[in-house]
Every structure is written in structure tokens, then in C-alpha cells.
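For reference, the structure discussed in these notes is given below.
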Amino acid sequence: MKNVEKYLEYAPEVKKAIAEGRPIVALESTIISHGMPYPQNVETAKKVEDMIREGGAVPATIAIVKGKIKVGLTEEELMFLGQSKDVVKASRRDLPLIIAKELNGATTVASTMIIAALAGIKVFVTGGIGGVHRGAQETLDISADLMELAQTNVAVVCAGVKSILDIGLTLEVLETHGVPIVGYQTEDFPAFYTRKSGYGVDYAVANVEELARALKAKWDLDLKGGVVVANPIPEAYAMDEALITQAIDEAVQEAAAKGIQGKETTPFLLTKIKEITEGKSLESNIELVFNNAKIGAELAVALHRLS
């Protein structure tokens, strides 16, 4: 592991937090470059960072800038990622090439988990995780996020899986790999824009202290892999199920008709759904990320107390 440090560059705030042994929360950057339009992307990222600070933890937004892995971003780097058009969506397979070619990369759930683990960060906040795409029986289009959750020791606080995916198969894959699906104050697995997906979670926890004890036990026992912390979107911002289902079905059909596949699929679908819902889906997306940031900060603080 001694060669790792030469690839990582820590923002001053994160460096100080590590030196002082303070709780840190990792954040991904795909949401900035590929998940939301400018300026909402930068505004959301800044507010999420502030919410984590208010919760007693230190935010570390992760990205790659000119081939350097950044653990925590400066304001300039954040603006650059939010506006630049030449930012690669970087998952596990992309990291070595982006570094070697000195490119700019926005980290997905998978690559953020990898970098968080290298930096010793145990809690990561995102909107939703990737999963098994609809029709994967033919295409084998399965997000690398699931394999990462199977092997990397980071807890991922999310609002479940976007219903653009096959949620049932996604949960089956996670079960096969022994990844616990934990509902935060819920028995229902959320579907990103809505509070329920029709599927349950493995366990529900009442508070972050209970969740922190479970994480500590998991990793103390050397049970490798992450945990999905499913935190439903607040009721006030949840979308109407019929409306969002119709929008998603329409977007999925258009993507198929246009032959859109691979890593282009999710950004295309999100943009299309935003159009169809007249911006309501973007508002929901922003609010669920804020809600996850709040719980993520509390969890990082609770886990830190146990160590």
C-alpha cells in the first residue's frame, strides 16, 4: 500500500481532519459532471458539503483532475468539474488509464468507494447506486457498483436504486455477494424518486448508533465488502409513482430506439426523465441527496465514536 499515497492528493480540510482523527464522509463527483446540469450541480455539491460539516463531519468530494486523484476538492476544482465538457465518467476499469493519460474523471459509486477505502474513509454519501439494467438477461449490463459493494469496506448511504434499473435483480446480485441491505428507519427498499419499490430490505435500523455497531462488527469480523444504507427520499419530495413510472418507461423506450447503451445510458435517462417530468425529478434528486448527507454525517460521527 505504500505506493498508493503518491496518487492521492488531499484537500487541506481533509488533510487536517485525517491528522486530527475527525470523521470524514466521502462524496462522488459523477453527480456533478454527469448527474445534474450547471449551476444546480455545483450549488448542490456545495450545500451537501456544508450539511456534512454542520453534522460534525468533514466532506471529501472525490474526483480526478489532470490525472491526480483528489480526496476533497477546492472551490476552483468543483467549478471546473461542474462546467467542463471533457470529464470522463470514471469507474474501476477507468482509473489507471485516466491517471496515466492525465485526464479529468468524475468518480462513480464504484471508484469513489475504492478511493475512499484507500484514504481510510468508511462512509460515503450518494444519490442512488447503480445496478442491473432492464434487459440484462440479454445485454449483461450490470453496474460495476455491485461488484465493488461485494469487496470494498465502505458503507454507502443512498436512496436505493433508480427505478430505471431492474430493482429485483439488483437486490438478488447483492444478496449473492453477501452485501447487507439495511433500511434506515424503513422496512421498504426505496426506489430513489419514491419511498417504496415493492421490495423489502434485509434489516431495518432505528438509529445511526445501531447501524454503526453493525458496521464495526462486520469489519471487525473481516467480512469484506460494503453495506447499502437505504434511506428513503423525504415524503414531501417523493414523486407520484404513476408519473415517475410512466416517465421512466418512456425514457427507457427512447434509449432503446436510439441504441444508447453502456455508461451513456444513465445520464441519457436522467436528462430525459427531467424533461418529461418538467424538472420535478431533478428537484427530488437534489432533496434526496441532502437527506442522505444528513444521515451520512451522523453515521460517520457515530462510527468514529466506536473507534
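Count begins at 1; order follows the chain as displayed.
A Cβ is built for glycine as well, from the same backbone N, Cα and C atoms used for every other residue.
These numbers come from a predicted model, not from an experiment.
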Of Val65, Val109, Val173, residue recorded by Swiss-Prot at the substrate site of Lys89, Ser143, Ala144, Asp145: Val109
For the substrate site built from Lys89, Val109, Ser143, Ala144, Asp145, further residues of that chain with CB within 8 A of the site's CB center: Ser91, Arg92, Thr108, Ala110, Ser111, Ile129, Gly130, Glu148
Pairwise Cα distance for Asp145 (substrate binding site)/Glu28 (active site, proton donor) [Å, integer]: 12
Among Lys89, Val109, Ser143, Ala144, Asp145, the record's substrate binders - longest CA distance, Å: 13
Residues that sit under 8 angstroms from Lys162 (active site, nucleophile) by C-beta distance, when 6+ apart in the chain: Gly128, Gly131, Ala191, Phe192, Tyr193, Thr266, Leu269
Which same-chain residues, if any, lie at least 6 apart from Val109 (substrate binding site) yet have Cβ under 8 Å of it: Glu28, Thr30, Phe124, Thr126, Ile129, Gly130, Ser143, Asp145, Glu148, Val156
DSSP three-state assignment for Lys162 (active site, nucleophile): coil
